[in-house]
Amino acid sequence: MQSTAISFSPSISLPHPKKPTILSPSLKLDRFASPNGVFGSSTKRRLHLPVCCLSSSSSSNSSRLNGWISAPAPGLERESDGGFEVRATAVPESEDGAAAANAKLKDTLVLGSLFGMWYLFNIYFNIYNKQVLKVFPYPVTVTGIQFAVGTVFVTLMWTLNLIKRPKISGGQLLAILPLAVVHTLGNLFTNMSLGKVAVSFTHTIKAMEPFFSVILSAMFLGEIPSLWVVASLVPIVGGVGLASLTEASFNWAGFWSAMASNLTNQSRNVLSKKFMVKKEESLDNITLFSVITIMSFLLLAPVAIFMEGVKFTPTYLQSAGLNVRQVYIRSLLAALCFHAYQQVSYMILQRVSPVTHSVGNCVKRVVVIVTSVLFFRTPVSPINSMGTGVALAGVFLYSRVKRIKPKTA
């Protein structure tokens with residue numbers, strides 16, 4: 001809505017108008033003439049009034065301007081010029097539309113940045129992690145170090161109040177414990193696979209996560225998959241099988257470790273739905289991940305010492321002929337990227353739907369496979385590439401058909 005305002009000096013008298021005068025927003029009168037001459041020979045007044053009418057601040061003229069007046073007039077605005085001016089000025093209707101557009105643009109930029117960081121952290125984690133595991137083949141120790149760094153990171157965030165420290169009851173800890181166990185095993189099996197086979201092959205096998213998700217959900221949650229969901233699993237299984245048959249770095253230890261990682265990771269998702277069901281006991285995703293990280297470190301640290309001993313010392317690394325500084329730096333960077341990409345993943349999940357997050361995860365796997373092949377110069381045959389592509393296409397199809405809800409009678 002546009003409006004125009006007008007104000008008069010009490011010393012100015014106007015002739016009685018014969019009919020109402022309507023001013024358009026573009027109307028400008030620098031010298032508003034009267035029958036007897038020009039108004040305001042000594043001053044120039046800028047007058048503002050709503051577009052539909054003019055109003056006077058002079059009480060003596062109010063009875064003579066009944067056809068004009070519909071609103072009280074604002075105050076005077078004087079200038080040193082010798083004229084009288086009526087000018088229409090536009091008043092913005094509302095800034096809600098512009099504010100909403102700016103907020104939407106800001107949210108889009110933030111979400112895009114989070115996806116970029118998610119992919120970037122994941123790429124660097126896989127590269128640094130693989131470099132460490134190639135020279136230091138102790139996956140339990142490496143996984144324990146990653147949880148230790150994550151525990152320090154979470155503790156600092158809570159201490160500095162960057163993330164609110166949660167108040168957790170004993171009942172919540174008991175409910176979280178199974179999640180922490182399978183989370184620990186899932187990451188341990190992933191590192192075991194990365195230490196045995198190529199990064200690209202590990203992530204190709206991990207593309208079978210939807211297969212395990214459907215099986216476990218049907219077994220423990222009673223969620224019967226639709227025909228479309230079952231059909232989408234066929235290219236996933238077929239693609240992974242084709243890639244496995246032609247993988248240059250294939251060995252059974254790496255293959256079964258990646259499969260075990262799929263099983264434990266999807267068990268975590270099923271347990272989340274089964275145990276964290278009471279709203280009064282539920283935690284947000286980031287807080288839950290932080291607590292699980294600490295619990296995973298406490299669970300795995302004694303196991304690492306018992307199984308592999310204390311081997312991450314400068315003395316042992318030097319005796320093995322390794323560059324201590326290089327191993328430490330890469331292990332630290334891998335651990336930081338490990339915690340960061342999972343933290344960002346949960347931040348994204350708070351902003352988008354699970355289906356959108358699943359699609360983003362599929363794209364992330366493609367990015368990781370391609371970058372790892374290029375960085376490590378992994379030999380890939382055409383049939384192997386086709387198998388990987390078919391499996392990833394099946395994952396994308398699965399994420400789309402999951403949106404299709406069965407019709408209710």
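Just so you know, the numbers here start at 1 and follow the chain as drawn.
Any Cβ shown, glycine's included, is placed from N, Cα and C.
What TrEMBL says about a protein is an automatic prediction, not a curated fact.
Fair warning: this is a prediction, and the values are worked out from it, not measured in the lab.
Summarising the annotation, TrEMBL assigns transmembrane segment to 109-128, 140-160, 172-190, 211-237, 286-307, 327-349, 383-401. Summarising the annotation, TrEMBL assigns domain 'Sugar phosphate transporter' to 110-399.
Long-range neighbours of the transmembrane segment (140-160) within the same chain, counting only residues 6 or more positions beyond its ends whose Cβ lies under 8 Å from a Cβ of the stretch, are 129, 132-133, 184, 187-188, 191, 290, 293-294, 296-297, 300-301, 303-304, 307-308, 311-312, 331-332, 334-336, 338-339. For the transmembrane segment (211-237), the list of distant contacts is 262-263, 265-267, 269-270, 273-274, 390-391, 393-395, 397-398, 401-402, 404, 406: same-chain residues at least six beyond its ends, Cβ to Cβ under 8 Å. The highest tally of CB pairs under 8 A with the transmembrane segment (109-128), across 172-190, 286-307, 327-349, is held by 327-349. Sequence-distant contacts of the transmembrane segment (286-307), counting only residues of its own chain at least 6 positions beyond either end whose CB sits under 8 Å from a CB of the stretch, comprise 140-141, 143-144, 147-148, 150-151, 154-155, 157-158, 163-164, 166, 168, 173, 176-177, 179-181, 183-184, 187-188, 276, 339, 342-343, 346-347, 350.
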